[in-house]
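J.: So that we are looking at the same thing, I have put the structure below in structure tokens.
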2 protein chains.
Amino acid sequence: MVYRYPNGKPYRPSEGKQKRSPQYQRESFSNRGMTLEEDINETNKYYLENGIAVIHKKPTPIQIVDVHYPKRSAAVIKEAYFKQPSTTDFNGVYRGHYIDFEAKETKNKTSFPLKNIHPHQIQHLQRVKAQDGISFILIRFSLTEQIFLMNTDDLLVFWERMESGGRKSITRNEIEDCCHSISLGYHPRIDYLAVIDKIYFETRAER
Amino acid sequence: MVYRYPNGKPYRPSEGKQKRSPQYQRESFSNRGMTLEEDINETNKYYLENGIAVIHKKPTPIQIVDVHYPKRSAAVIKEAYFKQPSTTDFNGVYRGHYIDFEAKETKNKTSFPLKNIHPHQIQHLQRVKAQDGISFILIRFSLTEQIFLMNTDDLLVFWERMESGGRKSITRNEIEDCCHSISLGYHPRIDYLAVIDKIYFETRAER
């Protein structure tokens, strides 16, 4: 099933909905068929419940066209469309700092295609950076389940390379060179704030 | 008790609570029928376009039940319901700080009923406070078009009074005593960051 935006482009909540091969499913800490988004939601829930951070996924923006108001029951939306999000998926607060990020999965093995990121999301990340927010993207290579955190600064280098006629993707090697790898854990599943501690606070927060 | 920010600076409630004279209210910046949300969206747009802050309204959360996928056109949501938001309406980043607030209008003249705020929103504001985020509510008395910014700390005092059996609203006088009044302007319409500057940064940011 493909959701489509009004411009006809398919909406992909994440590419990871597809079933994974049995080998990966059998591994320890394996993804158990969870999408990157689901893993991050679980991670954020863990952060929230343990007082570590307050980070939520933003609801998907919907253009509502028609709503019915039946007597004695909840309003029913009868016609609505998916809108292209104008910002990133996740934001919140951690140790007084604003956190903002987008999460993307790819089934590619050797590179991350930049078409996964929309220009307005790049603009949003730039604006957040200008306000001294902490922003980044999380990239998962779904076939190997490897997860990387890439700073907005690094992302912008590759984005500008593409804009000036260069390659339209970031190679796996480049990602391994500039990004921070995040091991898949149990609780939390994807401890991206441990990387943020390392990059921004130098010391690990008491957990 | 002195509340301190991560940089060690003490929190000082601003003394400037410019009460607006009735004459001023009659002046030209009248609301022209715009809702509080629309005014805040315009204000946030102004902040965004002028590089002052990156603050957005979160999309309304929707529970999607049925989607149709017509060939060669956008997916149509045929049945969906409004979900109760679990957080506040607006968040973003300003001068490196996380900003989070809820905006509420009342047609009451003499008090603000606390039933306008949901318990989960109170919990969210408390969590944001625990992470040293800047959080507050904006209250508009729609009949007089007066707008007030109330800190989460103050809101919690009135909320706890209600929880312990006290009155279920905040009187207009209490609001005038503890809140910061915001004059309705033209660009931006509701310059709540000017109040945040006063409370948290002591100096007004260059605009």
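Glycine too: its Cβ is placed from the backbone N, Cα and C atoms.
Annotations per TrEMBL:
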BINDING   B:Thr87, B:Asp89, B:Glu102, B:Gln121  Mg(2+) binding site
COMPBIAS  B:21-33  compositional bias 'Polar residues'
REGION    B:1-33  region 'Disordered'
SITE      B:Lys104  site 'Transition state stabilizer'
J.: List the residues in the vicinity of the Mg(2+) site, defined as same-chain residues other than B:Thr87, B:Asp89, B:Glu102, B:Gln121 with C-beta within 8 angstroms of the site's C-beta centre.
T.: B:Pro85, B:Thr88, B:Phe90, B:Asp100, B:Phe101, B:His118, B:His124, B:Leu125
J.: Take the recorded positions B:Thr87, B:Lys104, B:Gln121 and keep those with a Cβ under 8 Å from any chain A Cβ; what remains?
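T.: Out of B:Thr87, B:Lys104, B:Gln121, B:Thr87 lie under 8 Å of chain A.
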J.: Using a 10 Å cut-off on CB atoms, tell me which of the binding-site residues B:Asp89, B:Glu102 is the least crowded.
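T.: Lowest Cβ count within 10 Å among the binding-site residues (B:Asp89, B:Glu102) is B:Asp89.
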J.: Using Cβ-Cβ distances, find the residues under 8 Å from B:Lys104 (site 'Transition state stabilizer') that belong to the same chain and are at least 6 apart in sequence, listing them in sequence order.
T.: B:Leu36, B:Phe112, B:Asn116, B:Ile117, B:Ile137, B:Leu138, B:Ile139, B:Arg140
J.: Note down the number of other Cβ atoms within 10 Å of the Cβ of B:Thr87 (Mg(2+) binding site), including every protein chain shown.
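T.: Around the Cβ of B:Thr87 (Mg(2+) binding site), 22 other Cβ atoms lie within 10 Å.
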J.: Tell me whether B:Thr87 (Mg(2+) binding site) sits in a helix, a strand or coil according to DSSP.
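T.: Its secondary structure by DSSP: coil.
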J.: Enumerate same-chain residues with a sequence separation of six or more from B:Gln121 (Mg(2+) binding site) and a Cβ-Cβ distance below 8 A; give 'none' if the list is empty.
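T.: Spatial neighbours, sequence-distant, of B:Gln121 (Mg(2+) binding site): B:Pro85, B:Thr87, B:Thr88, B:Glu102.
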